[in-house]
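If you check Swiss-Prot, you get these features:
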SIGNAL    1-19  signal peptide
CARBOHYD  Asn118  N-linked glycosylation site
CARBOHYD  Asn159  N-linked glycosylation site
Amino acid sequence: MNWHLPLFLLASVTLPSICSHFNPLSLEELGSNTGIQVFNQIVKSRPHDNIVISPHGIASVLGMLQLGADGRTKKQLAMVMRYGVNGVGKILKKINKAIVSKKNKDIVTVANAVFVKNASEIEVPFVTRNKDVFQCEVRNVNFEDPASACDSINAWVKNETRDMIDNLLSPDLIDGVLTRLVLVNAVYFKGLWKSRFQPENTKKRTFVAADGKSYQVPMLAQLSVFRCGSTSAPNDLWYNFIELPYHGESISMLIALPTESSTPLSAIIPHISTKTIDSWMSIMVPKRVQVILPKFTAVAQTDLKEPLKVLGITDMFDSSKANFAKITTGSENLHVSHILQKAKIEVSEDGTKASAATTAILIARSSPPWFIVDRPFLFFIRHNPTGAVLFMGQINKP
């Protein structure tokens, strides 16, 4: 009999170092790059929607799955991710610890859990390796009562994301007879801006959405020194980007949008990768600029099944081909029935108090250049020491 293995990722972010760094396009960047490729597939079918995902969360769940896979299923996962988890477990463990380190100052929580019908039926090496590399816990639930199982999992999710994400699961996603395991990843981030946006500067301004319509939305504003730059995509279309650091300075928000308002956001998205973002970090220069940025909240739930299949991860969704022999002790044939991610982002003025130097800059007399985000844009929340992209998305209408 074939058993369902639903997977659920969720991510939550509220926005207002370790000593060892990793080489360009490091292991974590490869993981994040998989998430960016998934994002590229998602936006093709939803070009005008607000999309929020966690590339790091996607990489974590695929990594946990890889530890339970065998044969061609495992090969497909490793090929798309571009690494085998077993061979780099120690490095992944270091990266995961670095991302949640208190040295970041900003709050980052990554939680992983396997909810199972019977923990005694799960292979010990699968549990041990996931606990060691991904700090994954195992919890028993009664899938024969889908409503109760959903309540238990949703309560865990809500707690791990500080109440930002609830109702991830609905009972109809759990088969009381066939479901054997639910794998969940939660990523939570709360960052305070290094240079706070003063509430009195927030005004309603015009934002031209992806559908061409104009909307009046609250816009944050501040005059300060930020690292920014511009470059061209292979199609010779130019776009601008800026780094907005959080107060711990190990995590930043990066914003990118086309230079010309006539250029659609979709024209630059295929160009984006962790390697591209690395290049931004090397060419950006500090400038005193007037930043105008929408104040927004966006939440999106995405089924990652089809995007992953397009990338080449197909067997794990096929009940006749999936091979997760390293997960259960019995002869049950597991396959993935769902792989969902729900992510939420809130961007507001909140942050540390503005410094005296910043206050002085705010009243400088010379006219600075402007960085105005008044049309669809991309955002990235990046852990700079490792290159991990914790969150990314497109905002077409704040």
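Cβ atoms are placed via backbone N, Cα and C, with glycine included.
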Would you mind listing, in sequence order, the residues at least six apart from Asn118 (N-linked glycosylation site) in the same chain with a Cβ closer than 8 Å to its Cβ?
-> Asn140
Is Asn159 (N-linked glycosylation site) helix, strand or coil when read with DSSP?
-> helix
Specify the count of other C-beta atoms within 10 Å of the C-beta of Asn159 (N-linked glycosylation site).
-> 12
